[in-house]
Amino acid sequence: MKFFCKLESGSSLPEYATSGASGADVRANISEPIAILPGQRALIPTGISVDIPHGYEIQVRSRSGLAVKYGVIVLQSPGTVDADYRGEIRVILANLGESTFIVEPGMRIAQLVVAKVEQVSFVETQEELTATARGTGGFGHTGEC
């Protein structure tokens with residue numbers, strides 16, 4: 001399947017690092033380094049716009065290496081790029097580490113994962129919802145079933 005991309009000057013197509021990779025790496029399309037202080041965030045351009053077919057989305061996800069080595073993650077991960085969006089994909093990076101992180105021009109900053117999506121009809125009901133072992137247990141309750 002092909003997704004057609006429009007590239008700004010200096011940007012490059014997303015690339016899969018291996019034949020089994022789920023996420024395609026995207027790079028920072030910046031001319032100068034950007035410093036992200038500990039506890040801060042920055043919106044980093046990629047220079048990529050994508051013609052996403054109806055029924056698909058692109059999820060923007062953290063790169064595991066940046067997360068484990070530096071504490072740098074994609075905020076709101078996964079971020080969603082909807083099929084009807086045609087603007088530039090930009091990445092919100094957050095520095096959860098203890099040191100300033102420098103985003104260099106051309107650095108791999110995130111991964112794009114293509115996923116099928118389906119819109120459904122949400123219907124209000126006054127009936128009880130189907131019973132499950134988990135029931136109404138929320139955050140932290142999946143291991144208690």
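Going from the start of the chain as shown, residues are counted 1 onward.
Glycine is treated like the rest: Cβ placed from N, Cα and C.
Feature annotations, courtesy of Swiss-Prot:
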BINDING   ARG63, SER64, GLY65, GLN76, THR80, VAL81, ASP82  substrate binding site
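For the substrate site listed in the record, the two most distant Cα atoms among ARG63, SER64, GLY65, GLN76, THR80, VAL81, ASP82 lie 26 Å apart. Within 10 Å of the C-beta atom of GLY65 (substrate binding site) sit 10 other C-beta atoms, taking all shown protein chains into account.
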